[in-house]
Amino acid sequence: MGKKQKNKSEDSTKDDIDLDALAAEIEGAGAAKEQEPQKSKGKKKKEKKKQDFDEDDILKELEELSLEAQGIKADRETVAVKPTENNEEEFTSKDKKKKGQKGKKQSFDDNDSEELEDKDSKSKKTAKPKVEMYSGSDDDDDFNKLPKKAKGKAQKSNKKWDGSEEDEDNSKKIKERSRINSSGESGDESDEFLQSRKGQKKNQKNKPGPNIESGNEDDDASFKIKTVAQKKAEKKERERKKRDEEKAKLRKLKEKEELETGKKDQSKQKESQRKFEEETVKSKVTVDTGVIPASEEKAETPTAAEDDNEGDKKKKDKKKKKGEKEEKEKEKKKGPSKATVKAMQEALAKLKEEEERQKREEEERIKRLEELEAKRKEEERLEQEKRERKKQKEKERKERLKKEGKLLTKSQREARARAEATLKLLQAQGVEVPSKDSLPKKRPIYEDKKRKKIPQQLESKEVSESMELCAAVEVMEQGVPEKEETPPPVEPEEEEDTEDAGLDDWEAMASDEETEKVEGNKVHIEVKENPEEEEEEEEEEEEDEESEEEEEEEGESEGSEGDEEDEKVSDEKDSGKTLDKKPSKEMSSDSEYDSDDDRTKEERAYDKAKRRIEKRRLEHSKNVNTEKLRAPIICVLGHVDTGKTKILDKLRHTHVQDGEAGGITQQIGATNVPLEAINEQTKMIKNFDRENVRIPGMLIIDTPGHESFSNLRNRGSSLCDIAILVVDIMHGLEPQTIESINLLKSKKCPFIVALNKIDRLYDWKKSPDSDVAATLKKQKKNTKDEFEERAKAIIVEFAQQGLNAALFYENKDPRTFVSLVPTSAHTGDGMGSLIYLLVELTQTMLSKRLAHCEELRAQVMEVKALPGMGTTIDVILINGRLKEGDTIIVPGVEGPIVTQIRGLLLPPPMKELRVKNQYEKHKEVEAAQGVKILGKDLEKTLAGLPLLVAYKEDEIPVLKDELIHELKQTLNAIKLEEKGVYVQASTLGSLEALLEFLKTSEVPYAGINIGPVHKKDVMKASVMLEHDPQYAVILAFDVRIERDAQEMADSLGVRIFSAEIIYHLFDAFTKYRQDYKKQKQEEFKHIAVFPCKIKILPQYIFNSRDPIVMGVTVEAGQVKQGTPMCVPSKNFVDIGIVTSIEINHKQVDVAKKGQEVCVKIEPIPGESPKMFGRHFEATDILVSKISRQSIDALKDWFRDEMQKSDWQLIVELKKVFEII
C-alpha cells in the first residue's frame, strides 16, 4: 500500500507539471519548457510499469484460467468489438452524444484520440497499425513510454485526419493478418494472440484514472481556446473523412468484382472466420477483465461547462474509485476452482478442434477450386491448339501446292529461270547433273524421331518459320487492316539471308527440291508486302486445290486422303465421347498431329498401317467365339527313353520310332488327331460323353528328350495348351523330366502325367480294350502292391518338386492335384484313359483359351531342306487361317524375311509332320494345324519365333519391326567367331542343339548352314586352313554330303564328320580334337619349355661336370625332362639340359614344386661342358630358359598341364629374360 500511495503522490506532482506545461503552450511561450516535463513523465511511467509488472503477470495467468468461467458471452460482443474494429462506428456514436453540448463534444474528441493513441501504441506522428496489439508485452511498454502533448488548434485537426488514415491502414492490416492466421497459424499462435489481447485490456483497466485525468486536463485547456474557425475546420475534416471512406468502399467493390467466383468465396469465408474468432476472443476478454466500454467512459466523464475546481474534485473521486476497484480485483485474484479450470480447458480444446476442422475444409475447398481452374485452362489450351493445328494444316496444304510449282509468283518464276540457267551452265561445263529419276531410290529408314539428322531439322525449321510468317499475315489481315502494308523488318531479312545462302551453294541450285523450298519461303515474304496479289493467289490456289484433290482421289491413296480419313475418324470419335474423356482424346490427337508436321510420306503411311493392324487385332479379340473351339495343342515331354514317341505311335497306329536313327527323336514333330480317332481310342471308357465333344480334334507335338534338345523342349512347351509329361514308372523322375517340369511351371502350362511302362511290372496281364482302372483291379496281388509302391514313390518325388499328384481315378480336384494315368505304349493299356482325360480337361478348364479367334497366331517350329521342294518351314498354326498366296514375314538370321506362300502342305490325319509322307496340298488352312509351308528365300529362317501375315503392302515394315525385337534375343545366342568349325544340320532345332554342345565344349564356330553339304560349304570351311588348321572341319548332323563336296574336302584337307545321332557326332569330333592335340604336343615338345626355379643342395653334389648330377629342391614351377637350365646371376650362362629326374632311386618325368629330386644335366651339344664350382656355385638359383616361342607353344597346346602358379612364374621370368 505504501508503494501505491507513493505512486499516487508522484502522479499528482506529474499532473501539476503537465498543467503548467499546457498553460505555457497556450500562452505561446512554453515551447522550450514543454519537453522536460514530458520526458520526466515518461521516465516515471516506466518506473510505475516496472513496479506493477509482477501484479500484471499474475493477473494474466489467472484471467487465462477464468476464460469461460463467467456466464456472459454474447451480450457485450458488439460493445467490445465496436471500439476496436471500426472508426466509422466510433464517429457515429460520438455524433449522437455530441449534439447537445459543443464543449463536451470537444473534450470527448480529445479524450478519444488520446485513448486511440494508447491502444494502438502510436508514436508522436507516425501511424502504427492496430495489428501491433498482438505483440503482448512490447505493446505495454510502448503504451507507458508515449509522451503526452497538449493540443493546439492545428494539432487537433491534424490528429483527427491522422486518426482516420490510421484507421483505414489498421483495417487493411487486420485483414491481411487474419488471412495469414487462417492459412498457416497453429493453435499455439492463437493462444498467444488471446494472451496479448488480455494483457492490453488489463492495462486499460488498471490505469483508467490517469488517462481520464489527463483527458480532463486537455479538455479544460482546449475548451478555453476553441474558436469558430477551428470548429469549421473540424467539420470540413469530418466531411473529407467521409468522402475518403466512400472512395475506399468504391475501390473495394471494384476489386471484388474483378476477382473470380472461387476467390470471392475464399475471401468471404476467411473474413467470416476472422470476425468470428475476433468476436469470441473479445467477448471472452471483456467478460474476464471487465473493461469499461467507451460509452460508459464517456458517461463518466464530466461536462466541459464545469470549471477547474469541479474537475479537481472529480479527479479525487476517480482516485478513490480506482482504489476501490483495485481492492475488488484483489478479491477476484484468489482464482477459480478446479472444475472451472477443467471446463475451460475442454472449451479451449473444442475451440482448437473447430479451428482445425475449418482449416481443413478451407484447404479442401481451395484445392477443388484449383483443380477446376486447371481443368478449365487445359480445355481452353487444347481448344486453342486444335484451332491452330487446323490453320497450320491448311497452310501446309497451300505450301505444298506452291512447292510443287503449281502457284508461281513473279519472284518464283525469276528464281526458277535462274536455277535453269545455272543448270545449263553446269551441263555446258561438262558437270553431270543427276535427275530425280536417275538417282537410286533411298530405302525408308524407320527410326526414333529423336535421332533426326541436322538437314531434316533445318528443313523443318524453315517450314515452321514460313508457317509462322503465314499465321502472322492472317492475324494482321483480320485484326489490324491498316497495318497490312508495313511488314516486320527482322523476319524478311532472315528469310533473304537464307535465300542468299541457298544460292551460293551450287549443289542447292542443282537440286530442284531445294530451290522450290527457297521459293516457297520467298512467297511468304511477298505475301506480306502485296495484299492484293495475295487475294489473286488465293483464288488460283483454290482452283488448283480442286484439281489436286481430283488427282489424289484417282491416284495417291496413301497421302493426304489417309490423313483426311484419320481426321474424320477422330472427329467422329470426339463427337461421340463424353466431356470427361475429351482431354485425353485431344491429347492423343495432339501428339499425332504434332508428329505429322515433320514426318515423311513413308512415316505417315507407316503410322496409318500400324493403326490399322491394331484396330484389326482389337476387333478380332472382341469377336471371340466361345461356342466354337479350336483343336488343343498338346505337347509330349519327358526324359530320354521314357516312351514319348511310342505312346504317340500307339495313338496313331504308326511306327515312327522304329524309323528314327537309334530310336532317338532329334526333331520336333506334330500330329493331327481327328475326332473320329478320339472316339475310336476312347470306346472302352463307359462314362465318356461322345455326343458332346466340342473340340474338332487334337494337335500333338512330340519333342526330343535328350539333354542337348532343351531348346526344342522350350519351343514345344511355349506353344502348347496342355502337356503330357511321360514318366517311366520303373525309374521315377529323371534329370530331363525335372527340366520339363520347371519349363511347364515357368510357362504356367497345365499338364497330366503318363506313368508309362506298367507292362514291365511283374506278372502284368494286358487288357487294352478295357479301362486301366479296371485292368489294375484284375491284376494279381503282388502286381498291385508293386504298382502302388512305385506310384507312391513317384507321388513323393513330385511333392519334392512342389507339386501335388494323385492317380486320376482318385483325383477329386484336378486344379490342385496333377493326375497320374498308368499307361503302356507296348500293350496299349491306359491309352483310352489318357485321351479321355485330355478331352475332358481341355473342354472344361481351357474353353476360354481354345475359343475360336480370327486373329492369326502361328509359330515356326522347324526349318528343313527337302529334296524336290527346297527349304520348307514347319509351322504350328495356333489361331486364325493361312491362304496360299499370302505375304508372310518370318524371322531370319540376317533379319526378317518377306515371302509369299507358294504351297500349304498338310500330312494325312494321324501321320507325323516330320516324316516324309504323301503330303496333301491345301488352298486354305484353319487352326490348329501343323502345316508345312513352301516359299522362296526360306533358307535363313529362324525357328521358334512367330510367323506374321501382311494383308496390305504398307503393313510389311510395321510387322518387320515387330519381328526385329523378338529376333534380337535369338540372334544373340548364335554368335559366330572369326576362327572356328563349320556346322551344318537338317533343321534349325538340331543346329541349335549342336551349337549348344560346342559352346559348352568351348569350341568356336565360324559358319552355320541348314541342309545338305555342298561344294560352297567346303570352300568356306577351307578358309580355316590358313588361320588354324584344327578348325578346318565340317560337322554335318543328319544331312547328306554331296559326292563332289566330299572329293573337294579330301583334296583340300578339310575333315567332314557326319552322323545321324547327335551324340555320335559329338564323340567323333571330341576324338578328333584329342588326336590332333596329341599330335601337336609331340610336334612342339622340344619348343615348349615349362617354367621352373630350383635351388642346389650342396651336400648332394654327385658329379660336378659332364654330366652334372646333383640334388635340388624345386622352389617354383615344374621340372620336366628336356628343360634347358641357365644361371641368371652368372650372366645367364647355359649349363645344359635336364635329361633325367629321380626320386628315391625311381625315375620320373616331372618334379613339382616343393619336391627334393636328383637331376642329371647334360651339356648342350656343340658347347663346352660347364662345371659346378667354376661356372656356378651352390648359392646360385637355376631357372629354365624360356623364350617367346616356348611361351606361345605352352599357351596353345600345353595349357591343360599348366597351373596358375606356373603362369605367375612365367610372368616373373619374362622380366628376368626381358621377353616382350
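Cβ coordinates are placed from backbone N, Cα and C, and glycine is handled just like the others.
Summarising the annotation, Swiss-Prot assigns region 'Disordered' to 1-417 (among others).
The feature phosphoserine is assigned by Swiss-Prot to SER66 (among others).
Per Swiss-Prot, phosphoserine is recorded for SER164 (among others), and the stated evidence type is a large-scale study or a structure entry.
The phosphoserine feature in Swiss-Prot is assigned to SER171 (among others); the stated evidence is a large-scale study or a structure entry.
Residues annotated as phosphoserine in Swiss-Prot, with a large-scale study or a structure entry given as evidence: SER183 (among others).
The feature phosphoserine is assigned by Swiss-Prot to SER186 (among others), with a large-scale study or a structure entry given as support.
Residues or ranges marked as phosphoserine by Swiss-Prot on the basis of a large-scale study or a structure entry: SER214 (among others).
The phosphoserine annotation in Swiss-Prot covers SER222 (among others).
What Swiss-Prot records for 430-608 (among others) is region 'Disordered'.
Taken from Swiss-Prot, the feature phosphoserine covers SER438 (among others), and the record attributes it to a large-scale study or a structure entry.
Annotation comment: Swiss-Prot describes SER547 (among others) as phosphoserine.
According to Swiss-Prot, the phosphoserine annotation covers SER560 (among others), on the basis of a large-scale study or a structure entry.
The annotation phosphoserine is assigned in Swiss-Prot to SER589 (among others).
Residues annotated as phosphoserine in Swiss-Prot: SER591 (among others).
Swiss-Prot lists 629-846 with the feature domain 'tr-type G', giving sequence analysis as the kind of evidence.
Within 10 Å of the C-beta of ALA825 (GTP binding site) we count 25 further C-beta atoms, all protein chains included. What Swiss-Prot records for 640-646, 663-665, 756-757, 759-760, 825-826 is GTP binding site, and it gives a large-scale study or a structure entry as the kind of evidence.
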By the DSSP assignment reduced to helix, strand and coil, which category contains VAL640 (GTP binding site)?
coil
When the region 'G4' (756-759) is classified with DSSP, how many of its residues are helical, how many are strand and how many are coil?
2 helix, 1 strand, 1 coil
So what's the mean pLDDT when you look at the domain 'tr-type G' (629-846)?
81
Taking DSSP three-state, what's LYS646 (GTP binding site) in: helix, strand or coil?
helix
I'd like the number of other C-beta atoms within 10 A of the C-beta of THR642 (GTP binding site), please.
26
Neighbour count, 10 Å Cβ-Cβ cut-off, for LYS646 (GTP binding site): what number do you get?
22
So how many other Cβ atoms are close to LYS644 (GTP binding site), meaning within 10 Å of its Cβ?
25
Neighbour count first, Cβ atoms within 10 Å, every protein chain included; then name which of VAL640, ASN756, ASP759 tops the list of binding-site residues.
ASN756
